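Q: What TrEMBL shows for this protein is this:
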type     : residues                       : note
DOMAIN   : 40-206                         : domain 'Phosphoadenosine phosphosulphate reductase'
BINDING  : Cys118, Cys119, Cys201, Cys204 : [4Fe-4S] cluster binding site
REGION   : 210-231                        : region 'Disordered'
ACT_SITE : Cys227                         : active site, nucleophile
Amino acid sequence: MTAVADYRALAERAEKELAGATAEEALRWTAETFGDDFIVASNMQDAVLIDLATKVKPAVDVLFLETGYHFAETLGVRDAVRTVYPDVRIVDAQAEQSVAEQDAEYGPKLHERDPGQCCFLRKVVPLRQTLGKYSAWVTGVRRVDAPTRANTPIVTWDERNGLVKINPIAAWTDDEFNAYLHENGILENPLVSIGYLSIGCAPCTAKVEPGQDPRSGRWAGQSKTECGLHG
Ligand code: SF4
């Protein structure tokens, strides 16, 4: 078994060596380096990252944070992924408490009163528990998503979760992303076409107007802008 310190050093080397890698090169390196010991995260807004990953590893593990608050359409995309990519293994990471149990302990609609705690219980903790079983994870974070993501590396050491983090499409522009999506007929959440451009849990996701920052629809009206999953 490789020690954490070795993976940290590996990630630091790869951050330089793969700084200009294409998505396919980054994913091929991931599959060759980690074998079965990595997982691809998806919020099921689309299956672009899953499609790319299955090209280098058809039976890849996919992490979905099943918060209990998703739109039916989002769950529909997850189920369609199972049909379109039959070798993929979807890992539904769930909180210890159901929404009803959380309501009983903290009161209803914790997401309205304390979204930070709600995200911690329903996203951050299940994510950490799942990532603890792997040595690397792959995300769809892109530099154009938000100013805080402008310097996202292709490979890095994820200090918070203690494993290697690969962001194969970090450098993709919106045009590149949409070209891949449409030219390859990739699954996309139908809510995107009616203005939900950054999809999370239903109570915390709103439509955005054309030209607005896509992420402005997340936790609209609250100071929170991130789930706490990506630093
Ligand atoms: Fe709770 Fe909203 Fe965070 Fe989902 S996005 S876990 S509903 S606060």
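A Cβ is built for glycine as well, from the same backbone N, Cα and C atoms used for every other residue.
What's the neighbourhood like for each of these?
A: Over the domain 'Phosphoadenosine phosphosulphate reductase' (40-206) the predicted model carries a mean pLDDT of 97.
For the recorded site, Cys119 ([4Fe-4S] cluster binding site), the DSSP three-state label reads helix. Counting every protein chain shown, 24 other Cβ atoms lie within 10 Å of the Cβ of Cys119 ([4Fe-4S] cluster binding site).
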Q: Please report the DSSP secondary structure of Cys201 ([4Fe-4S] cluster binding site), reduced to three states.
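A: Once the DSSP labels are grouped into three classes, Cys201 ([4Fe-4S] cluster binding site) ends up as coil.
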Q: Near Cys204 ([4Fe-4S] cluster binding site), which residues of its chain come within a Cβ-Cβ distance under 8 Å, counting only those 6 or more away in sequence?
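A: In sequence order, Tyr69, His111, Pro115, Arg218, Trp219 meet the Cβ cut-off.
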